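Structure, as structure tokens:
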Amino acid sequence: MSAEKAKAYWQLMRMDRPIGSLLLLWPTVWALVIAAQGIPSWDVLIVFVLGVFLMRSAGCVINDFADRKVDGHVKRTKQRPLPSGKVTAKEAIGLFLVLAVSSFLLVLTMNPLTIQLSFAGLVLAFIYPFMKRYTHIPQLFLGLAFSWAIPMAWAAQTGELPVMVWFVFVINALWTIAYDTQYAMVDRDDDLKIGIKSTAILFGRHDKLIIGVLQLVTLAMLVGLGQFYQLGQSYYWTVLIAASLFVYQQHLIRHRERDLCFRAFLNNNYVGMVIAIGLLVAFW
């Protein structure tokens, strides 16, 4: 394999832009810490950290495969490996299969419940990229896909799925819809021209308000999470920091400028990180 081809594969997997992997990683860490009531098992932690990066890369590859005929018409994506011809569709499918199989081999080291849950996770990862052609709520499907690591991680750590798993699942799904709507605001004008659907288009002039409502509900549920587990003051400080980050994001998207909407999206990495830190400190 040439250096140029390897670089194209690297870019196709978004390894040069790890924001998506980080946004998937932090909620997985939340689940592991809560399930373990502290530091999770090292073998489980390693499997899920590796799995996050492998499955996020697989998701990016299948997403670009699904969008290969439209990405060339979008300013932000026209230089991606598939529309630019650096990687063929056949090569992309092959890479997706390698990444998906590698992820599954990791899951096979976990308990039977985790293995069973992984099949639904793979289905969600595969169908999400195609939803933007058929529904205005692909962000909901991304929320489900990005949250599925939560029950998987919980099951791997404890072997069971208590009700609070699904409470954390909903927290993350709502937050994901909010930040992916910010991301969709970047491409809204291009998406309207080529017929791609998104919540940014569906929400229209109410986009900022609905994002704000989703963020408020996320914060309220994070507070509820702390109350359920009787977490200390340190946790609530991190929720307050997350709230301030949401306020900053609202400031960034106020004029719906592409670059600032993208900055707001990127800022969500810090939201996930501070909540992970808060949970770790509280449960330690």
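The backbone N, Cα and C atoms fix where each Cβ goes, and this holds for glycine too.
These features come from Swiss-Prot:
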type: TRANSMEM; residues: 33-53; note: transmembrane segment
type: TRANSMEM; residues: 93-113; note: transmembrane segment
type: TRANSMEM; residues: 136-156; note: transmembrane segment
type: TRANSMEM; residues: 159-179; note: transmembrane segment
type: TRANSMEM; residues: 209-229; note: transmembrane segment
type: TRANSMEM; residues: 235-252; note: transmembrane segment
type: TRANSMEM; residues: 264-284; note: transmembrane segment
Quiz prompt | Outside the transmembrane segment (93-113), six or more residues from its ends: residues with CB under 8 Å to it | solution = 9, 12-13, 43-44, 47, 50-51, 54-55, 57-58, 61-62, 65, 87, 122, 152, 155-156, 159-161
Quiz item: Does the transmembrane segment (136-156) reach the transmembrane segment (33-53), going by 3 or more CB pairs under 8 Å (6 or more apart in sequence)?
Solution: yes
Self-check item: Contact check, the transmembrane segment (33-53) vs the transmembrane segment (264-284), 3+ Cβ pairs under 8 Å, seq sep 6+
Solution: yes
